[in-house]
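First the structure, which I've put down as structure tokens, then a few questions once you've had a look.
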Amino acid sequence: SPTFLKLQYPSLYLHHRLIFPTEELTACELETTMELLKQPHHCFLVFLFGLVLLFPAALSWKDAVTHVHQFVIQEASVKRLCKTQHVMTVNGMYPGPTLEIKNGDTLSVKVINKGKYNITIHWHGVRQMRTGWADGPEFVTQCPIRPGGSYTYRFTVRGQEGTLWWHAHSTWLRATVYGALLIQPREGTNFPFAKPNRQSTLLLGEWWNANPVDVVREATRTGAAPNISDAYTINGQPGDLYNCSKQDTVVVPISSGETNLLRVVNSAMNQPLFFTIANHKFTVVGADASYVKPFTTSVLMLGPGQTTDVLISGDQTPGRYYMAARAYQSAQNAPFDNTTTTAILEYSKSSSAAKPIMPRLPAFNDTPTVTAFSTSFRSREKALVPAQVDENLFFTVGLGLNRTQQCQGPNGTRFTASMNNVSFSLPSNFSLLQAHKQGIRGVFTTDFPAAPPRVFDYTGNVSRSLFQPATGTKLYRLKYGSRVQVVLQGTSIVTPENHPIHLHGYDFYIIAEGFGNFNPKTDSSKFNLVDPPLRNTAAVPVGGWAVIRFVADNPGVWLMHCHLDVHITWGLAMAFLVEDGVGKLEAIEPPPEDLPICS
């Protein structure tokens, strides 16, 4: 079947697409096909290429566009909460510019670093098929762009539609260096729902009355948790409920009778967030640049890194309604920013002097609402989820305490975090991808454990002897095309918490989630292998687990980490090394000539 071919034999799948084109070939697919036809073992299929000429629509890839942008990293003065801060920005903008493309288009973004810090840019959720050098995490796929340097990220976005985003992937610079990446339907196609009257993007963020880099550096020095943020923001603005902020509150227009598309991104540093609009309901239609079966809800919950596309109807009495976001706080006894950010949904013909109506938000620790929301997601069509797996992995994710130093964490310890008891340490002389492709020894090992070194009651009362993880730069090797299942098991070490786990270079299916310790004998019956949601960031439930599956069809080195930046700072990460397959088309492209060097 086409589904089987696409998962197991991508090359044969392309031949099938050539003979039986159900939709237009993309430029990339045509290029790939031409390369296949040059290979001897594909020669017998050359005559089939001629058949494609009988299908003019199959060759209508000419509308794909290359979008060229320039990002200048520079310091700018930004006044929030009555105080002016000097923060890093892109082109002097906070948040940074929104990029808008169509499915199948190519992006070429030259980043010029005129700031005072090393920096990289990550294109969160972009598959980066064979273009891993453009993925962006510092010391994983590239060395940083140093002050005075530049690097051009070039990649094609294909097979993805909806909302993604981009952000800095160096220290805590993404607190102010981030923006939206909007992917419209491919030329000649439409949304799988009625075309909305308007589209609006809402970036949820965090703001400190301090330099975020100084905040994390101080925490690293002391071993304590970093200071919490002073405000949440919507499109960079805190909103009416904060000091010195009312005049700049974001206003989103709507007219009676309209149906509008809202693209919501949690670009906050360390906080899952609830989001709602007074007196309005959402119809969820997409997440992480994949369409989902529509469902209705009055509240969203997004972990940092996640995106959700929703439709709202202008079906209320014309007026002004608050759009509000505040914390979902699952970690008990941990300090957090308990403030609320707002924007205003404003109907045309309503008075701008009218006081907006305030929505009711869930309680900070309302895990049942989070569960009801997260388990409502289903893929819009039958999913291409692997029915069988070649790699069955079990990763614990959680915090820890290091007792080797006298620090300012609990009882004189230093906070740390780990996956499978390995606290991830980034190299500093080479990137992992560079070391892999150039055969440089001593930068990493490939012995990341497939399961935790000790089996224990992961979500119960854990022995203090398990609180301190080992430190290492350990990767897990995957063969090209292997079918992978990962159980992401939260732990109660220090405290249980909802962890948004993001995998670079891949989308994956979340086939199940639950609470307590994952039990393969009983929980496997809960697997959804029909229409599980396709995501790039999975919110592992507090004191629970999630199971994901994907096919390792993208060679390179790909980081998997918690998207709470405080946790990745402490080491809650690992990386997959996906081997090249057979031939050029199953191998990562050569590195660009302007790839930054580390020395």
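Glycine is treated like the rest: Cβ placed from N, Cα and C.
Pulled from TrEMBL, these are the listed features:
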| type | residues | note |
| --- | --- | --- |
| DOMAIN | 73-187 | domain 'Plastocyanin-like' |
| DOMAIN | 201-349 | domain 'Plastocyanin-like' |
| DOMAIN | 448-580 | domain 'Plastocyanin-like' |
If I take every residue in the domain 'Plastocyanin-like' (448-580) and average their pLDDT values, what number comes out?
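Average per-residue pLDDT within the domain 'Plastocyanin-like' (448-580): 97.
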Kindly report the helix/strand/coil residue split of the domain 'Plastocyanin-like' (201-349) according to DSSP, in that order.
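For the domain 'Plastocyanin-like' (201-349), the helix, strand and coil counts are 14 helix, 69 strand, 66 coil.
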DSSP helix, strand and coil counts for the domain 'Plastocyanin-like' (448-580)?
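Split into helix, strand and coil, the domain 'Plastocyanin-like' (448-580) gives 16 helix, 56 strand, 61 coil.
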Could you tell me how many residues in the domain 'Plastocyanin-like' (73-187) are helical, how many are strand and how many are coil under DSSP?
6 helix, 58 strand, 51 coil
